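Visitor: TrEMBL lists these features:
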- His305: active site, tele-AMP-histidine intermediate (ACT_SITE)
- Gln89: ATP binding site (BINDING)
- 1-323: domain 'RNA 3'-terminal phosphate cyclase' (DOMAIN)
- 169-270: domain 'RNA 3'-terminal phosphate cyclase insert' (DOMAIN)
Amino acid sequence: GGQILRVSTALSCLLGLPLRVRRIRAGRSQPGLRPQHLSGLEIVRDLCDGKLNGGEIGSTEITFTPGKIKGGTHVADTKTAGSVCLLMQVAMPCVLFAASPSELLLKGGTNAEMAPQIDYTVMVFKPIIEKFNFTFNCDIRKRGYYPQGGGEVVVQMSPVKELSPINLTERGTVTKIYGRAFVAGALPIKLAKDMSSAAVRCIRKEIRDLYINIQPVREPDDQAVGTGSGIIIVAETSTGCLLAGSSLGKRGKNSDKVGIEAAEMLLKNLKHGGTVDDSLQDQLIIFMALAKGVSRVKSGPITLHTQTAIHFAEQLTKAKFTVTKSEEEDPSNDTYIIECQGMGMINSNL
C-alpha cells in the first residue's frame, strides 16, 4: 500500500539506505503508483539529490538511492486531487534532518477521500506533532477538491538537531468541541449550516453540557478551485489532547449525513479513552521511531496503518516498539499503550 511506500522512502532518505519496493499497491483496482505516490517519491528524491528508478504512474516496482538532505525550496504537484497531506507525510520527517530550512510547495487535493483533510493537519496533527520539539508553518493558499485538485499548500520548517520523545498517556476530560463545516464553488452556505447543525444534534445526544461551536464557512472563490464540501469537528481535553471526526460531502450525499458521519467518528474516538484518534495514531509512529528516548502514547484499538508503520519503522531503524493493552481503568475501554524506544536520529548537518 501507499503507506508502506511513504514510511520506507522517508526512512531510506533519512538513514541513507538504498531501497527497493516491489508489488506496489498490487491488490488495488489500479495497481502501482498513482500520481500522489509518484509526487511523494519525487519530492523526497529532489530533497536529497537521490536517484529514483521505476518512477512512473502504474509502476509496481521502484528503487531509490538517497543522497544528502539539503533543504531549500521544492515543489510537488500531483496534477490531480491526490492528497497534499500525504505528500507532507513523506517529506516532513526528511526535511527535519536537512542541512538548511525548507519550503515545500505542495499541490493537489486539500480535502480528499482516504487521507487526512488539510484542516485536520492544521487543527490536530500540527499542535500534537510539534510536541516532538519542532515547529512548522502551514499556509493554505488554495483549496482543491476532487476530481481536479488544484489546491496549494506551503509548508516551511527549519531542521532540528534531534527529536524529543512524547508522552501522551493522560486523556483528561473534554473541555471544548469546535470545528468548521465548509462549502466551496457552486454550493450554497445552507449546506454548511445543515452539516453543522446535524453534527451538533448528534453530539448533543451523548455530550449535553458542552458548548459546541462548528462554524459554517463558504471558502472565498479566489482561494478554492472546484466545488467541494465537508466538515471537521475537534474535541479538546483538559490535558491538551485533540481528537477529531471528519467527513466529506459528495454528489448525492445528504448534507445531514455528512455532519452525522463526522460526529459519530468523533464520538467513537472519544469512547475508547485514548489520547489520540485513529487518524493521528499511525502518523506519530515515524516520529516516535526517530526521537531520542522513550515515547508513550495511549490509543484506541491499533489500526492496520499503525501496525504497518510500526513494522517498517522497526525493520529500517533501531527503534523498538511494544504495544500493550492498557489495564488501569475501565475494562470496557479498548485502550492500548504504544511505547517506543526511539533510535535517537541525530542531524549530522547541524
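Cβ atoms are placed via backbone N, Cα and C, with glycine included.
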Visitor: Please list, in sequence order, the residues in the chain of Gln89 (ATP binding site) that are at least six apart in sequence and whose C-beta is under 8 Å away from its C-beta.
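Guide: Gln89 (ATP binding site) has long-range Cβ partners Arg6, Ala10, Gly40, Gln283.
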Visitor: In sequence order, which same-chain residues at least six apart have a C-beta under 8 angstroms from His305 (active site, tele-AMP-histidine intermediate)?
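Guide: The list for His305 (active site, tele-AMP-histidine intermediate) reads Gln3, Gln281, Asp282, given in order along the sequence.
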Visitor: As a test of reading the model: what is the averaged pLDDT for the domain 'RNA 3'-terminal phosphate cyclase insert' (169-270)?
Guide: 97
Visitor: For the domain 'RNA 3'-terminal phosphate cyclase insert' (169-270), what are the DSSP-based totals of helix, strand and coil residues?
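Guide: Helix (H, G, I), strand (E, B), coil: 35 helix, 37 strand, 30 coil.
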